[in-house]
Amino acid sequence: MLQEGVQVVKEDVSNEKQQMEEGPEDVPLTHVSVEFLQKKDEDYDDYIPEVDKIKEITNDKFYKFVRDIQKLLTYTNAIPFRTRATRYYCFYCSTDGPLFEDPDELRSHTTTKHDKERISRVEQHMKPQWLNEVIKFDIKDLQCTECMLTLHDWNNMFVHFAETHDIGFDEAYTRVIPYSLTSDLQCVLCHEKFANYGLLDIHMNLHYSNHVCFKCGDTFLSVSRLDKHMTTHKTGNFPCTKCDKSFSLNYYLTRHVNLVHNQKTPKCVYCKKNVEGPMHLHISEEHSEKVKPLTCEVCGKVFTWKPYFVAHMRRNHIGVKKYKCEHCPKKFIKPYELKTHSITHTRLSRLFECGACKATFNSITSIKKHISVHDKEK
């Protein structure tokens with residue numbers, strides 16, 4: 001059937017071509033005079049540049065968004081908050097204010113310290129617009145303050161307000177991002193569980209696909225996240241001006257310069273001092289009263305550093321150890337862990353020799369620790 005259709009189209013095209021070559025009969029040739037109309041200057045008075053239209057639309061959306069936030073804060077007990085480096089901050093104090101390890105302390109601080117400005121100063125705290133495209137809400141134990149109904153589902157909340165209280169929203173559907181800040185973090189939309197807030201925050205991009213990467217199709221809830229993602233596609237050759245190394249991404253080059261050449265040390269989130277040694281030791285020694293101990297509910301071990309707690313859960317209670325050692329019954333989660341362990345089973349691998357005492361070691365890490373002992377003796 002397809003071939004027959006193609007043949008019909010070919011015959012029609014050949015007939016039209018033949019008629020065009022023969023030319024039409026008895027068609028008089030005439031010249032038409034064209035008059036150019038000059039547009040009056042006053043016609044330009046109502047002209048609005050395209051940029052102004054875009055700004056007007058953007059401002060209109062922003063003020064609708066602010067009104068939606070004020071409605072949610074008026075008719076629910078939701079708590080707005082900010083984050084930086086997976087840490088919680090007060091929405092009104094911003095990231096310059098105190099940080100909160102415990103979400104309960106964040107909720108208590110917001111309701112007691114900012115009760116009067118909870119609604120009135122939303123617009124002020126949402127500027128600049130480009131930096132506040134979305135807002136994060138903690139909706140733990142969410143309730144409607146009009147009828148005191150417990151709202152178990154975020155999407156059904158909008159239905160409840162529309163049908164019961166005749167309250168509508170414009171921008172909140174895609175720009176208010178809901179979280180339930182508890183010790184057991186899970187997505188409030190699909191109820192998937194996560195080990196830490198960082199993973200949950202990345203997961204929310206799947207539910208709010210406000211922006212799409214045209215190269216790989218990944219979705220993001222804000223322009224800032226999309227812009228950060230786009231740097232991963234800008235591959236090339238970025239040489240270091242201070243050494244002979246080169247990198248495929250500018251991000252890798254910047255990190256290399258900061259760590260190797262500038263030797264920038266991380267800053268403590270509590271005292272704002274640059275810490276040269278391990279950060280968890282500094283925090284446990286200098287700010288032990290601010291650290292909330294984390295107890296493993298499976299084996300009872302207590303941790304004062306959250307990354308160690310997460311690593312413990314992954315290694316011992318969550319992760320699947322599928323990489324088995326050929327020489328002993330031990331299993332490992334990651335391939336590099338098995339590779340590092342396998343070295344201990346063969347003496348042939350002890351290739352690192354100490355120049356001071358001729359002792360041999362099977363890894364660079366081991367010999368570095370050993371050499372530090374000789375340095376202390378000197």
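Note: Cβ is positioned from N, Cα and C throughout, glycine not excepted.
Bear in mind that TrEMBL entries carry predicted annotations, made automatically and left uncurated.
As annotated by TrEMBL, region 'Disordered' applies to 1-25.
Annotation source TrEMBL lists compositional bias 'Basic and acidic residues' at 9-20.
Taken from TrEMBL, the feature domain 'C2H2-type' applies to 211-233 (among others). Long-range neighbours of the domain 'C2H2-type' (211-233) within the same chain, counting only residues 6 or more positions beyond its ends whose Cβ lies under 8 Å from a Cβ of the stretch, are 130-131, 133-134, 177, 204-205, 249-251.
Annotation comment: TrEMBL describes 238-266 (among others) as domain 'C2H2-type'. Tertiary proximity for the domain 'C2H2-type' (238-266) is limited to same-chain residues at least six positions away from its ends with a CB under 8 Å from its CB atoms, namely 231-232, 274-276, 279.
For the domain 'C2H2-type' (294-322), the list of distant contacts is 195-196, 280, 283-284, 288, 331-333: same-chain residues at least six beyond its ends, Cβ to Cβ under 8 Å. As annotated by TrEMBL, domain 'C2H2-type' applies to 294-322 (among others).
Confidence in the domain 'C2H2-type' (323-350), given as mean pLDDT, stands at 76. If you look up TrEMBL, you'll see 323-350 (among others) marked as domain 'C2H2-type'.
Break the domain 'C2H2-type' (352-378) down by DSSP state and the numbers are 14 helix, 4 strand, 9 coil. The domain 'C2H2-type' annotation in TrEMBL covers 352-378 (among others).
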Positions on the same chain near the domain 'C2H2-type' (352-378), where near means CB under 8 A and six or more residues out: 340, 343-344
Residue distribution over DSSP helix, strand and coil in the domain 'C2H2-type' (294-322): 13 helix, 4 strand, 12 coil
